[in-house]
Structure formats: C-alpha cells, structure tokens
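What TrEMBL lists as domain 'Kinesin motor' is 13-345. Feature annotation from TrEMBL assigns ATP binding site to G100, Q101, T102, G103, T104, G105, K106, T107. What TrEMBL records for 378-413, 650-675 is region 'Disordered'. Look at TrEMBL and you will find 378-410 tagged as compositional bias 'Acidic residues'. For 418-573, the entry in TrEMBL reads coiled coil.
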Amino acid sequence: MPDAELTAPTVENVRVVVRVRPMDQREKLDGSYNCVSVDALNNTVAVTRNNVTPPEPPRVYAYDAVFDSNTSQMDIYVQTASPIVEQVLKGYNGTIFAYGQTGTGKTYTMAGSNTAPELRGIIPNSFAHIFSHIAKANEDEKFLVCVTYLEIYNEEVRDLLGNNPHQSLEVKERPDIGVFVKDLTGYVVHNADELEKIMVVGNKNRHIGATAMNTESSRSHAIFSITVESSKRGSDNKMHVKMGKLHLVDLAGSERQSKTQATGTRLKEATKINQSLSVLGNVISALVDGKSTHIPYRNSKLTRLLQDSLGGNSKTVMIATIGPADTNYVETISTLRYANRAKNIENKTHVNSEPGDALLTRFQQEIDQLKKQLDECTNEEEVEEEGEGELSEEDLSDDTLTDPEADVLDPTEKKIRRKLRREEKEKLNREKAHLARKVLEEKKAELQRTKKQQEELKDKLQRLESKVLVGGENLLDKADAQRRLLEQAARELEQRRLNELRLQEDLQKKEAERLDLEERYSSLQEENAAKTRKLKRAVQLLNSAKAELADQQREQQREMEGILDSVRALKREIQLADLVLDSYIPKEYQALIEQYVHWNEQLGEWQVKCVAYTGNNMSAPHHANTHAHSKHIEPPDLSDRYLSYGAVSSRPGTRLARPHTSAVPRPHTALRQRQ
Ligand code: ADP
Ligand code: MG
C-alpha cells in the first residue's frame, strides 16, 4: 500500500537563495567598486550606492540563504539542489531555476565548467547524486531514468535532443497528464556518464545570441528535465511505482533590452524574451497577491511549462544570481526585488504514486508479456519436437494385411491379385512418404520461424530489461569521483553548520548580557542616549522606506517601458496582419468573419463558429487552430510519447522503443515524450 503520509499534500514556500559572483576582469579594469555585501549569518544581502547625494541607506533583503563570491560549486549543490534531488528520488516533483542578469552566473551555476570536477554545476552534480542513490538502493527496488532537454526561444519551443532543433514544437494539455510538449524526444539513461553526454549534445544545440552586453549571452530559456521512476514491492505484495520529475531551468537574462542596445530582429527577440519573463513576474505577483483568482500561466510558454513549479505540485528553489559591480546597481536591485517576491509563493506538494504515465509500469507489463510469449513459444517448440516422429517409418512401412478370400482363389488369380495389391501398396506408400516429407518440411520451417521469433523476443526482452535499473547496481563509472566530492562537501558543510551554531549561541549570550546592561541604566543621561539611538534607528527606517518607495517607482517605470515596447511591437504586427488581410480578403468577408468569431478563454485563441461545416479544416489536418481540432480532446493513451523512429547510433543514451509487443523494433528507435 502507498504510504498515506507520503501521499498527503504538504504546503511549503518556494525557497529563494542569492548567489553573488566574483568581480570579473573587465569590471576590475573599469575601476568598478563592489556595491554588494553578503551577511551569511542573517541570510541578508545589502546593496549600497556610493557617490549619491543625499547619501542613501543600503538596501537590505533577506532570503532563505545567501552565498558570497567565494562559495564553491559543491557548496551551492549541497545547500540548494541536493535537498530537492533527495525529494525527487522520493517521488516528488522538483524545480531549480536560475534567474538573473546576463553574465551573473546562471549557466555557471546550473551547468558549470567542464575543466575540473569541483567546478561542475547543479545539472551534472544531480546526475551523480541520482545514480549514486540507485547504486545504494536495495536490490528489490527498480528504477527508470528518462531525460528531455528543451529551450524556449522567441516564444517557440525547441527540442534540444531531437533530430531537428529548429523545429518549433506544440505545447499541449491533457486532463490526465497536464501540460506537455508534443513530440519531445525522451532518452532512457543508464548511468551518469550517459546523462552527461546527452547534456553536451543539448548544449551544442542551444541557441546563443550575441548582444553588445555579453557575446556569450544566452537569449533563450533552457529546461533540462529528469524523470526518476522507482518501483518497490509493498506489503500487499504488489509493485508500487513513484515518479519524481526534476526541472533544471536556466532562464534567459533578466536585463531590460535598452541595456543591450538591441535593434531590429534582436529588439523583437528581446521584447519577446522580456515578455515571457514579464509573464513570469505577473504569475509570481498574482500568486503572492493572494486575492487574484486568475493566474496568467497561459500567457507564455515558459509559465505554462513551469505551471507546477510555481504555485503547484513541486518543491522549488530559485537561485537569483547577481554581480557585485556598482555599474549593475539597477539590475541587481531589480533581481533582488524579483527574488524577494518569489519567497512568498506557496506550493502544495505530494508524492506522485502510481502515475498513469509511468514508463516503468508499461515496461514491466511488456516484460511480463514478452516472458509469457517466450514461455508459450518454448512449449510449442517442445510439443513440435515430440510430434516430429509421428509420421515416421511406421507410416512408411510395408502393410501385411491378410486377404480373407485368399483360400478360395486359384493360384494364378492369387498371384495377379497379390501383384496388384503390392503395386497398390507401393503406390500408397510412395504417396504417404511424399506427404509425410512435405508435412515434415513445413513443420521444420515453422520450427525455424518460432525459433527466430523466440530469439527476437529474447532480444527485445533483454533490451527492455536493460532500461530498468536494479537498485544496488554500480552505475557510477566516472561520476564516482563526483559523488565522493559531493559527499565530502556535505560533511564539511555539516562541520561548518556546527561551528556556526556555536558562534550563534555565543552571540546570543553576548546580546543577552548587553540587554541586561541596558536595562540597568538609571541616569537620565543614559536614558537620553538610548532615546537618541532609538530616534536614529527610526530615521534610518524612514529613510529605508523612502528608498524602497523610490525603488518601486523606478521598477514600475521600467516595467511600463517594457510593456510599452511590447505594445509597439504588437501594433506593428497588427498593422502587418491588417495589410495582408486587406490585400487578400474582401471587406465584406472580413465583416462576416468578425461576426462569426469568438474568443476561447480556455485555449487562449480565436475560433470561427461552424468552421467544421465549411470543409476548410479538412485540408489541413495538422493545423491546431481549427475549431474542430481545438475542441477535440485526445483519448488518454500515451501515444504522444512514442511517435517517430530514427537511427541515432551516433547519439549517447538509448532511444526508446515504441511499446509494441508483437513487432520487433529496429535496432535504434526513438521515443517522443511529453514534457
Ligand atoms: P549567465 O549565464 O548568467 O549569463 P555565466 O554563467 O555565463 O552568466 O557567467 C558569466 C561569466 O562569469 C562566466 O565566464 C563564468 O565562468 C563567470 N562566473 C559566473 N559566476 C561565477 C562564480 N560564482 N565564480 C566564478 N566565475 C563565475
Ligand atoms: Mg547563461
């Protein structure tokens, strides 16, 4: 039976942490000064602007954890990602996303550097973590690990592991499995090295756009998803499946396009990228607001795909990355404020037990079916082998029948009759022998076919079984070193935690002593001094509030400019659409169309009424926007996950076979999987 405790939903907030990267060479050469200071004990980040009159107080923001520029990749993993991966291994959904201005370390945090094991980021470290867990699990536990990698560029979804990374894929929704990307390629992986190779292939496909700000700047959002399914026999002697899904998200730069000096195509690109980040902001605002009944998830591909991660069924951590230089003051404040709001998002999480779309269940069923087929084949073969002798020599032997009339016939006639009978018998025997040989040959051919089928079934069974990982198997290979590093980092962290605890206790003791002393002041002078201090603190608070107000106004102005940019871009698009319409569709038809359209709120698209009767939609069966198609709800099968086949011998990992028990798949087959 599934554990009732695990299936009950728990409510928890999105965890938000901040990471500051070190000052880079260019910033040092430019003479920038460090405007960011991190207080790891109180988990706050303070940003101070020098050279302003009147002087401004530092802006201080508190988070769940803060990391200064000396924090190692391993520490980041152990303190932010590791707890999420642990939960994913228990069957929860998890999301880790990096948000921040271009060049502040989002990709460094998520992917890291290949040059040394200790510089690897969250994605490769999570591979080592997952496979080390499988290696340590009991033998009675089975696992299946599957990955997808996609990017959202210009509001178009692209498959980074597919045959054509330029093809735009559709985001769809089904009542049973929720939002998914149609035709997305999924790989079943057997070890951390394989996963790593897949990541490298995907990264190569990632669209990198150069901007004036950073030539390596990524203009796309990338989502690397790992699904871990595990099955275990319960006390009811049945197998129980759990499925945890981990989204590792490297968002596009959060900076406003004015800073990147974008023009033309790049401007349009930037507007769209900002648009999807703005929607992310709106979703966060609506979730935090508490009064909003409508969360605008549908307004961008990013928020649709991450719907569960924000306000849904997912353990989520947001890593906000910032740079230390004063030149980025405005962007840094903007990132910190954005991240601060996200802290208040509440998610409701539960273990995904017995999920309808678990591959492990399907594979196990297929394996059982194949085993049964194989058994049947073997039995048939045995029966056939036994029966092979049935038409042997016995049938071909000479018959010695006695003739009842033999005594009454004269010798000549007897002789003739005997001769005739012998001839007849010989003929019959020849025919029998011929028939028997034919039957024998047919049986042999059938036996050959059965044997071949059996071989194919065995082959298929072996391939399916190889996808399912058994607990305790050593799958770590080269990643073993990575796992050891992680474990060492975890031990060191524990040690530091204990030290911090000791320090904090000391601090509390000193604070108590100080308060004790303060309480004992008696003279008016002391009271006066205390009151002055209080007043100073009040003035400080007032100044902070004023500064906060100014920040908010600046932020609003900034958002307004972004929205206006989008409006301008959209206006241009509408004008173009109008031009096309006016040139090709007569005015009276336009009026007719306008009369018969209505807005479908659920799908977020215009639909023409009664278009099914016009026959228009029949010529374009793949067009998703026709009324007939958009109303159609697909039956809850998993066919979307298994679409096309193709040779992928040059690719790492195993591409999945379409689950088809009677046919034998080609050597390398592909699985298209929902997101
Ligand atoms: P983003 O993905 O946010 O645009 P990158 O991850 O590409 O930024 O980082 C920009 C540069 O800064 C890279 O050269 C990267 O190696 C370096 N960098 C970022 N964060 C750190 C860090 N914490 N420690 C050392 N170098 C860093
Ligand atoms: Mg990047």
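Just so it is clear, glycine is given a Cβ too, placed from its N, Cα and C backbone atoms.
Checked against ligand 1, the binding-site residues Q101, T102, G103, T104, K106 give T102, G103, T104, K106 in sequence order as having a Cβ less than 6 Å away from one of its atoms. Among the binding-site residues Q101, T104, T107, the residue whose Cβ has the fewest other Cβ atoms within 10 Å is T107.
With a CB cut-off of under 6 A applied against ligand 2, the binding-site residues G100, G103, T104, G105, K106 are reduced to K106. Of the listed binding-site residues, namely G100, G103, the sparsest CB environment within 10 A is found at G103. A count of other CB atoms within 10 A of each Cβ picks out K106 as the most crowded of the binding-site residues T102, G105, K106. For the ATP site, the Cβ centre of G100, Q101, T102, G103, T104, G105, K106, T107 serves as reference, and the other residues of the chain with Cβ at most 8 Å from it are R21, A98, Y108, G253, T321, G323.
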